[in-house]
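Enquirer: Here's a structure for you.
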C-alpha cells in the first residue's frame with residue numbers, strides 16, 4: 001500500500017525530471033554552508049547535505065520531486081527506481097503530497113519518514129524534534145567506530161542496533177514494526193554504500209563522521225560518487241546481510257505478540273507465520289497460556305533481542 005501510494009504520486013510528477021539533464025558536472029561540492037537562522041532541516045543527513053551544498057534550496061523550503069530524483073542519481077548514484085522510492089517517501093510527509101513539493105521540516109513528522117531509534121536524533125517521546133542533532137546520541141553512534149580508519153558492515157550493524165536497544169529501554173512508546181525496521185536498516189545501508197570503498201567493501205569512518213556531524217559531503221577529504229549504481233535490489237540484498245549481523249529475534253514484531261514461541265523463533269518478519277490464537281479451554285485463559293509459552297521460550301532461546 002505504501003509503495004502504491006508513492007507510485008501514484010510520483011509517476012505523475014517525474015516526466016519533467018528528464019529536462020534536468022546530467023547535473024554532475026555542474027554541481028560545486030566546494031560550496032557548503034551550514035543551516036542558518038530560519039533554515040529548515042530534517043533528520044536525514046543526506047537531504048540536509050543537499051541543502052547545505054546548495055543543490056536544493058538552502059533554506060530547505062519548496063523542494064520538488066523533479067529536482068530531488070535526479071540529484072539522488074547524480075550525487076549518490078541511486079538508480080532511478082530507488083531515487084524515486086526515497087523521494088516518494090519524503091513527499092508523503094508533505095501537506096499536499098500530490099503537489100510534489102515539500103519542505104525539509106515536513107520530514108520530521110513522526111513515523112512517516114522520521115522514526116524512533118534515529119542514529120543521531122532523540123526520539124520524539126524523549127524530547128526530540130526530528131531535526132536537531134542530539135550530541136549524546138551522536139557520540140554513542142560514532143563511538144562504535146572509535147580508533148578505526150575503516151568500518152565494515154559488522155561495525156555498521158552494531159552501531160545501528162545499539163540505537164534500537166537504547167530507544168527500546170528508554171522510550172515506553174517505542175515503535176519498531178516492519179515500516180520502522182526497514183527504514184532503519186535502509187538508512188544504514190544507504191550511508192554505508194554511498195561512502196564505501198569498492199576495493200575493500202569498507203567505509204571510511206572519517207567520511208561517516210563528517211556526513212553525520214557536519215551534514216557535508218566529504219569531497220575535500222577524498223570522497224567520490226559511488227562507482228556502482230545502488231539499486232532497490234542491491235539495497236534489499238545488503239539489508240538482508242545487515243540483518244544477519246544483527247541479533248534480533250523479535251525483529252518488527254509487536255510487543256504483545258512476543259511471548260509466542262512460534263513467532264519468537266523467526267528471525268525476520270517475512271519469515272513469520274500468521275498470528276496464532278491458542279485454544280480456549282475453560283479455566284485456562286490466553287494469559288495463562290502466554291505465561292506458560294513465555295517460560296518455555298525463555299528456556300529454549302539462548303538470547304532474545
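Note that Cβ sites are derived from N, Cα and C of the backbone, with glycine treated the same way.
According to Swiss-Prot, the signal peptide annotation covers 1-25. Marked as heme binding site by Swiss-Prot on the basis of similarity to another entry: 44. Look at Swiss-Prot and you will find 114, 115, 118 tagged as Mn(2+) binding site, backed by similarity to another entry.
Mind running through what each feature is packed against?
Expert: Taking the Cβ of residue 44 (heme binding site) as reference, residues of its chain lying under 8 Å away and at least six apart in sequence are, in sequence order, 107, 113, 187.
According to its DSSP assignment, residue 115 (Mn(2+) binding site) is coil.
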Enquirer: Give me the count of other Cβ atoms within 10 A of the Cβ belonging to residue 114 (Mn(2+) binding site).
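Expert: Around residue 114 (Mn(2+) binding site), other Cβ atoms within 10 Å: 24.
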Enquirer: Same-chain residues six or more away whose CB lies under 8 A from the CB of residue 115 (Mn(2+) binding site)?
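Expert: The answer is 175, 179, 180, 183, 184.
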Enquirer: Translate the DSSP assignment of residue 44 (heme binding site) into the three-state scheme.
Expert: coil
